[in-house]
Amino acid sequence: MTVRIAINGFGRIGRNVVRALYESGRRAEITVVAINELADAAGMAHLLKYDTSHGRFAWEVRHEREQLFVGDDVIRILHERTLADLPWRELGVDVVLDCTGVYGNREHGEAHIAAGAKKVLFSHPGSNDLDATVVFGVNQNQLRAEHRIVSNASCTTNCIIPVIKLLDDAYGIESGTVTTIHSAMNDQQVIDAYHSDLRRTRAASQSIIPVDTKLAAGITRIFPQFNDRFEAIAVRVPTINVTAIDLSVTVKKPVKASEVNQLLQKAAQGAFHGIVDYTESPLVSIDFNHDPHSAIVDGTQTRVSGAHLIKTLVWCDNEWGFANRMLDTTLAMAAVGFRLDASASTKL
């Protein structure tokens, strides 16, 4: 069965989802039937074809009136401001990928479903009242047909959760801290300008800028046993893509750095193949641009102090890796089937 998807919001993640769909060879499994975006069709086509981070798109892209052509495929372009006006029923949409970054609670999900979509996948953590939050590679097997409104978590949650799981399963995590070293984003300023967050009033290209993060809450949403046992901070740095995460955990069992690396490398080659990668090459952030993994462990940076404090450095392409996981989760949602009885919904 080919899953019919619509994309709401054609920004960084929305465009990368389309690119990843075609570049990963999953076009036979997923068809994009519509994209809803307030920008004009010319701008949408141009930014799909030319991307500063990811280069030129290999497929031919053009637009004609309110249609976007990718190769031989035709995608309908919409410019609806109100979710209730979206023609998902008319278009036979199975799953809406809401990549706006604006919508993310149950009411928004229900609006997509009322418009005719069978399921909704948000491209950010969303509210706690959604049916499920999925970190693909860790908990997607818990999805059920009645899970209609789902979050794909965040790029950083997808990056760090597999590593936390591996370390916890092997050594038993007692507590941890996370520092996200994240590339600049479009909620920052090119030059100094007003913002509700005074740190984000400053030019993104000229400073390392501390920002708020809900990553600790994202960790405990997937692993409730770590409630009040993880803390996180985040800084934005003057690069446009790729993120590094510094993870420090205190564990119950004594361990050596070489054993930690052996564990993570084995997982990358086995159970977490395609989700986690491992390297000991002397790489820098640009080398992970366009990497489809959720997490790439840098084995050269693993440290252990006092046999119980583990520090690791984990990289991710916060756009490309996450876009690929959006596609993985979409297929997982479709694979469990579509149950249209809203009263049957159970929370994951």
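Placed from the backbone N, Cα and C atoms, the Cβ positions cover glycine too.
Residues or ranges marked as active site, nucleophile by Swiss-Prot on the basis of sequence analysis: Cys155. Here Swiss-Prot flags Arg12, Ile13, Arg81, Asn318 as NAD(+) binding site. If you look up Swiss-Prot, you'll see Ser154, Cys155, Thr156, Arg200, Thr213, Lys214, Arg236 marked as substrate binding site, on the strength of sequence analysis. The site 'Activates thiol group during catalysis' feature in Swiss-Prot is assigned to His182; the stated evidence is sequence analysis.
On the structure: features taken from Swiss-Prot.
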| residue | record | contacts (Cβ under 8 Å, 6+ apart) |
| --- | --- | --- |
| Arg12 | NAD(+) binding site | Asn186, Glu319 |
| Ile13 | NAD(+) binding site | Cys99, Gly101, Ser123, Glu319, Phe322, Ala323, Met326 |
| Arg81 | NAD(+) binding site | Leu38 |
| Ser154 | substrate binding site | His124, Pro125, Leu215, Gly218, Phe322 |
| Thr156 | substrate binding site | Thr180, His182, Thr213, Leu215, Gly218, Ala234, Thr243, Ile245, Cys316, Asn318 |
| Lys214 | substrate binding site | Pro125, Ala232 |
| Arg236 | substrate binding site | His182, Ser183, Ala184, Met185, Gln188, Ala204, Ile208, Ile209, Pro210, Val211 |
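Least packed by the Cβ count within 10 Å, out of the recorded positions His182, Arg200, is Arg200. Residues Ser154, Cys155, Thr156, Arg200, Thr213, Lys214, Arg236 are the ones the record ties to substrate, and the longest Cα gap between any two of them is 20 Å. Within the same chain, residues at least 6 positions away in sequence whose Cβ sits under 8 Å from that of Cys155 (active site, nucleophile) are Thr243, Cys316, Asn318, Glu319, Gly321, Phe322. Within the set of binding-site residues (Thr213, Asn318), the lowest number of other Cβ atoms found within 10 Å of a Cβ is recorded at Thr213.
For the recorded site, Arg200 (substrate binding site), the DSSP three-state label reads helix.
In the three-state DSSP scheme, the residue listed as 'active site, nucleophile' is classed as helix. Residues Arg12, Ile13, Arg81, Asn318, recorded as contacting NAD(+), have a largest CA-CA distance of 27 Å.
DSSP assigns His182 (site 'Activates thiol group during catalysis') to a strand segment in the three-state reduction. Mapped onto three states, the DSSP output places Arg236 (substrate binding site) in strand.
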